[in-house]
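Residues or ranges marked as active site, proton donor in TrEMBL: H107. Feature annotation from TrEMBL assigns 5-amino-6-(D-ribitylamino)uracil binding site to W31, S65, F66, E67, N99, V100, I101, F133. The (2S)-2-hydroxy-3-oxobutyl phosphate binding site annotation in TrEMBL covers E104, T105, R147.
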Amino acid sequence: MATQGKNLSHYDKDQLPDAAAMRIGIVVSEWNDDITENLYKGAVETLIDCGVDQFNIHRMNVPGSFELIYGCKTMQHRSYPVVNRRTKKPLDAIIAIGNVIRGETAHFDFVCQGVTQGIKDLNLNKTRIPVIFCVLTDDTHAQSAARSGGQHGNKGSEAAIAAIKMAAIKNDH
Ligand SMILES: Nc1c(NC[C@H](O)[C@H](O)[C@H](O)CO)[nH]c(=O)[nH]c1=O
Ligand SMILES: CC(=O)[C@@H](O)COP(=O)(O)O
């Protein structure tokens, strides 16, 4: 089902695992920040609505979507200082937030392919911390706006739900 057939912000809290003790990292690209900030807002609001403590949500900014790979890897390996200094416990999941909009050249295709493959690879490494793909790859700004708090909901909210579900899988195995 394409996004047009569903609302990205719809979820049922009663169907989710307990997220009260979860620690979530969010890496945010600064390219198209009008879109990525809305995605971040949607993700944080949903995480808190589902029981995640706001002090257990850790943010990192990177220049563009291609740098999401390095930023998420840094968080995974716990070298990032923001990870809970007191408990020194690793994160339970990471959300990668970006927005790539097609331009005049093939750069769009290479950035999208690179980020997709890079984030896929991060889900295969030894840290076992899942990285959620919250990268809008659209032909127009209007499509991105519709998916970051517009008529189709907010992909940031969808990513927050995925992060909670995957964190539970990580912690149960
Ligand atoms: N055109 C977009 C980019 N391009 C920048 C790359 O992501 C990267 O930062 C640069 O190539 C340096 O390594 N990034 C986006 O996130 N969105 C775009 O639309
Ligand atoms: C995805 C991009 O890097 C793209 O927005 C850059 O635009 P252009 O292809 O016109 O240089």
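Cβ coordinates are placed from backbone N, Cα and C, and glycine is handled just like the others.
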Of S65, V100, E104, T105, H107, F133, which recorded positions come close to ligand 2, meaning Cβ under 6 Å from one of its atoms?
-> V100, E104, T105, H107
If H, G and I count as helix, E and B as strand, and all else as coil, what does DSSP give for E67 (5-amino-6-(D-ribitylamino)uracil binding site)?
-> helix
Span of W31, S65, F66, E67, N99, V100, I101, F133 around 5-amino-6-(D-ribitylamino)uracil - largest C-alpha separation, Å = 16
Under 6 Å from ligand 1 by Cβ, which binding-site residues from W31, S65, F66, I101, T105, F133?
-> W31, S65, F66, I101
So of S65, N99, T105, which of the binding-site residues has the fewest other Cβ atoms within 10 Å around its own Cβ?
-> T105
Rounded to whole angstrom, what's the largest C-alpha distance between any two of E104, T105, R147, listed as binding (2S)-2-hydroxy-3-oxobutyl phosphate?
-> 23
When the Cα of E67 (5-amino-6-(D-ribitylamino)uracil binding site) is compared with the Cα of each of the recorded positions E104, T105, H107, R147, which one is closest?
-> H107
Rounded Cα distance in angstrom between W31 (5-amino-6-(D-ribitylamino)uracil binding site) and E104 ((2S)-2-hydroxy-3-oxobutyl phosphate binding site) is 17
If we count other C-beta atoms within 10 Å, could you say which of the recorded positions H107, R147 has the fewest?
-> H107
In sequence order, which residues at least six apart in the same chain have a CB under 8 Å from the CB of F66 (5-amino-6-(D-ribitylamino)uracil binding site)?
-> V111, G114, V115, G118
Once near-sequence residues are set aside, which residues in the chain of V100 (5-amino-6-(D-ribitylamino)uracil binding site), 6 or more away, have Cβ atoms under 8 Å from its Cβ?
-> W31, N32, S65, F108, V111, C112, V115, V135, L136, T137, D138
